[in-house]
Every structure is written in C-alpha cells, then in structure tokens.
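Report on the structure given below.
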Amino acid sequence: MGENKKVIFSGIQPSGELTIGNYFGAIKNWVKLQDEYDCYYCIVDLHAITVKQEAKDLRRRTLQLIATYIASGIDPEKNTIFIQSHVPAHVQAQWILNCMSYVGELSRMTQFKDKSKKYEDTGIGAGLLNYPVLMAADILIYQADLVPVGKDQTQHIELTRDLAQRFNSTYSETFKIPEGYIPTGGAKIMSLQEPLKKMSKSSDNPNSFILIMDPPEVIKRKIARAVTDNVGVVKYTDDQPGVKNLMNIMSCCTGMSVKDIEDKYEGQGYSKFKEDVADALIQELEPIQNKVNELLKDKAYLQDICKKGAQKASYIANKTVSKMMRKVGFILPEK
C-alpha cells in the first residue's frame, strides 16, 4: 500500500455498455484521485451475475471495461486494477459477513426493493438480496478509508459501516470504518429523454443515453433529439431540467462554469447550444474510444494488468480474511 496514503476502493459492473453517466460520474473522478490515494479499482463481475448475463457478452464487456479504465487515464502503475472474481477473498469475506447480517436489514435496502419489482415475474434471486453484503466485503477486505459512490449507494455504505462495527464489537478491532466519498467535481448525468431520471443504459429508449463508445454521428443525433422545453433560454435552473442536464454535460467536457455557459449562449436559443454540446462531447470521448480500440487488440496486455492487479489485491485481501477466519474460530490451512 502507498505509504501514509488513504485507501480508496471502487468498482463498476460489466453488466452493460458504459454510458457517459458512468464516465463523468465515476471514472473521470477516479483519475483525479490516483495521485493522492492508494486506489483499488475493480471490475465487479460477481455483482454483475445477480442478474443473468450471457457468458460471451460478460467476458467481452469485462475486457472492454479494463480497457476503458486505462484509456480514460487510470494508470495501472499507480492503481490496482483487477477483476473481482480473480480474488476469492471477496466471497470468503462475504459469507462471514452474511452470517452477521439480518434478512430484515437487507430487504429494506431501496435498491433491493426497486429491483425486486422489476424481476418479480421471473423470480427474485438471493444474489439481489445479498448484493450489499458482497459490496461490504469488497470494501472492508482492503481496509478502505473512502469509497467514491453516487448518492443512490449511500445506504449500502451505511450497511458496510454497520457490518464493520458489528464484527469489530463481536470479535475485536478488525476493520477500518469506511466513509462514502461523493466527489465535488462532475455532475449526475440525467436521461436525455426524461431529464428527471438518471441516465441508464437499461432504458427502453436508446435516445435517452449516450454510450462512451457511441460514434460521433450517433452522439450528434442523440443530443439533437434531447428533450428541452419551449422557454428557448439556456439557463441553469430546475425548471428547465433538460437544458440543465445538457449544461452539466458541457461543463464536464470543457471545464466551463454553468455561469460561463449561460453567458456564452445568451439570446442564442437551443440549436447552436446543442451542436456545441455534441462537439464538446465528441472531443472528450474520441481519444478514449481510439485508445480502447487499440488496447482491445492486445488482450494479453489487458490480462497481464489484471493478473498483476489480482496478485496485489489478493495479498492485502487475504491478510484481512485470515484475521476474520481466525477470529470466528476457523482453523487456517497450513501454509
């Protein structure tokens, strides 16, 4: 671990193509953290299978996600980049924490309730219920100080803290108590068609989201079709959520403040503004897209990054899990 550096853990599921919401909300912020913190950036493939995945698609998206991390500026020399399933300690720790969790507290999780409604016709898997316990294990085995999360994940961080404190008080001091880290930069990117909802790749309307790998002509089309209003003024206000969302996208791409954007487009209407938002987004994404495509031609390199990352991650995680096993009364295998 980096000397005297605080530890950060975060991850993204390879359960679908990444949107610009994933990029601006998570990955771009992670890049800013890598010099100041000891960062563990994971591809959380175990979380992905709480909902059925096609095996070949899961493998393809996992490699693409690793390539996207690196192409976006996450340096494998400075950070630990690894695949969750390559470190069995995640599942070992989850089982021990699972046995200290209560069904009531897990079933009260907002995300579980929301996803249960979605899958009630096909049957709700136990993985959906236990998902937050695996997330707690992910964080605690690296003795993470901070966890970059969106506001929709703060409930899971609270559960992680509760489980850490429960284990510490039942046995003895084992885990650091992590805190959620909500970055000050960036913005929550909303749906282009329903701007009061978060942008999601699972939307039925493909015009509502932009993928990191969308080509320029698709980005231009989706921004041109983005919902605005009949006010006709580029203003950053909750009364104009569609315009506000496009302003956030432009601000994330260019670094311009929303006040500067308002001033620049005063009296211009939406057509020129939308064209410029699309151009700024294309300029931001094109170098990443090119680098991703280049990296995907060298799968051996990507797998080597993951192998080295898993070795480093396992060294730290196994130390924590050994402590957990000893404290609950397991006989540790002879080395």
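Glycine is treated like the rest: Cβ placed from N, Cα and C.
Per Swiss-Prot, the ATP site holds Gln13, Pro14, Ser15, Gly21, Asn22, Gly150, Lys151, Asp152, Lys198, Met199, Ser200, Lys201, Ser202; the candidate it also names there, chosen from Ile141, Ile189, is Ile189.
Recorded residues Met199 (ATP binding site) and Asp138 (L-tryptophan binding site) have their alpha carbons 25 Å apart, per Cα-Cα distance.
Residue counts for the motif ''KMSKS' region' (198-202) under DSSP (helix as H, G, I; strand as E, B; rest coil) come to 0 helix, 1 strand, 4 coil.
Reduced to three states, the DSSP call for Gln13 (ATP binding site) is coil. Sequence-distant contacts of the motif ''KMSKS' region' (198-202) (same chain, at least 6 residues past either end, Cβ-Cβ under 8 Å): 16-21, 152, 188-192, 208-211. Rounded to a whole value, the Cα-Cα separation of Lys151 (ATP binding site) and Asp138 (L-tryptophan binding site) is 18 Å. Ile189 (ATP binding site) sits 26 Å from Asp138 (L-tryptophan binding site), taking the Cα positions as reference.
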